[in-house]
Amino acid sequence: MHPNAVMLAVVLLGNLMLPFISAQNAGFVKSPMSETKLTGDTFELYCDVVGNPTPEIQWWYAEINRADSFKQLWDGARKRRVSINTAYGANGVSVLGITRLTLEDSGTYECRASNDPKRNDLRQNPAITWIRAQATISVLQKPKINASDQTILSADTPIKPVTLQCNLTTAHTPHKESFWVKNGKEITNTRTEQRNTAYRIAKPRADDSGEYMCVYTFDMAPNANATIEVKAKPDITGHKRSENKNEGENGMLYCKSVGYPHPTWTWRKVDGTSYMDIDNSTGRFFITIRDNYTELNILNLDINTDPGIYQCNATNVIGNTAETTILRVRSNLAPLWPFLGVLAEIIILVVIIVVYEKRKTPDDIIDDDEPVGPMKTNSTNNHKDKNIRQRNTK
């Protein structure tokens with residue numbers, strides 16, 4: 001056989017064998033973890049598998065103490081409380097989520113993965129063709145907590161203290177302690193072992209509004225909580241009173257507020273009693289909103305159309321507040337005006353000096369031959385002559 005033909009045959013054989021040489025059985029990179037949850041909560045289980053080709057992933061479920069009766073889970077099952085999101089790339093990654101948990105959601109959840117070409121053949125043994133990772137989800141009855149109703153802070157009435165209260169009435173196990181949280185952050189010095197807990201706001205203001213939670217902890221169960229909303233209309237605490245820019249530059253106006261719920265922000269340009277709403281559709285105006293903060297960015301300022309009064313408006317279910325900013329746009333020559341002003345003053349001063357020198361009269365010029373001051377006389381001799389004259393007359 002010709003040497004080149006032998007080499008070609010070896011190359012072709014290698015290419016045919018390459019998928020078999022590089023094939024890799026399915027294996028778990030991340031497996032689902034067992035959890036204990038309360039009714040009404042949500043859980044998510046993660047499954048990350050690797051293999052060549054990329055393995056297929058399935059989710060299965062069995063009730064507690066019935067490990068022999070697994071049923072496959074599908075996206076949208078259990079009245080759309082089940083969600084399954086799977087992505088295939090170098091790895092296969094899948095997330096199983098279940099919302100609004102009930103006691104019946106307790107059980108064993110199983111992530112199955114396989115890249116066996118015959119994995120879906122009913123004649124094959126699933127225990128051999130699929131690898132499995134299990135997690136046990138225990139759902140406990142949520143403790144009952146009696147909490148205060150929502151509170152609305154009014155700026156029109158005198159300031160009165162506000163007290164938020166929670167009382168743990170029933171629980172699956174004895175509680176350990178409780179504490180208060182505002183907007184996701186624990187409030188210091190609020191931990192107690194009492195079932196009945198309270199938090200007092202002595203002088204409530206708009207920045208005291210927010211989402212408060214009383215949280216109860218347990219040794220062998222997840223934390224339980226109740227939410228109390230303290231609402232107030234937005235109060236704009238920071239904004240630019242004015243902004244001075246040169247034409248062609250970019251301008252930035254902002255407003256920030258306190259108050260809960262977070263407001264809906266709008267921007268407008270005010271012209272006397274009329275106004276023009278501003279949005280992101282023009283390509284020059286860009287509005288950014290983050291909870292209690294908003295920015296208005298204006299690109300390539302125009303000296304003719306952009307100067308004026310701009311208003312930010314914050315609105316929530318309790319009320320609304322607005323503040324204005326004056327935007328001034330100067331000509332590109334504006335930085336030269338101070339220099340030109342100084343130069344003009346110097347020129348005027350030089351002209352005044354020249355005119356003054358030219359208008360001087362000859363009398364204003366001192367003659368070098370004239371004495372500078374009055375001439376001195378011999379006053380002593382004069383007095384002597386006078387005395388002599390007086391004596392001769394006697």
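Placed from the backbone N, Cα and C atoms, the Cβ positions cover glycine too.
Heads up, TrEMBL stuff is auto-annotated, nobody curated it.
A quick note: this is a predicted structure, and the numbers were derived from the prediction, not measured.
Record features (TrEMBL):
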type     : residues : note
SIGNAL   : 1-23     : signal peptide
DOMAIN   : 19-129   : domain 'Ig-like'
DOMAIN   : 143-229  : domain 'Ig-like'
DOMAIN   : 234-330  : domain 'Ig-like'
TRANSMEM : 336-356  : transmembrane segment
REGION   : 365-394  : region 'Disordered'
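Assigned with DSSP, the residues of the domain 'Ig-like' (143-229) fall into helix, strand and coil as follows: 3 helix, 48 strand, 36 coil. Residues of the domain 'Ig-like' (19-129) grouped by DSSP class, helix first, strand second and coil last, total 15 helix, 53 strand, 43 coil. Per DSSP, the secondary structure of the domain 'Ig-like' (234-330) breaks down as 0 helix, 65 strand, 32 coil.
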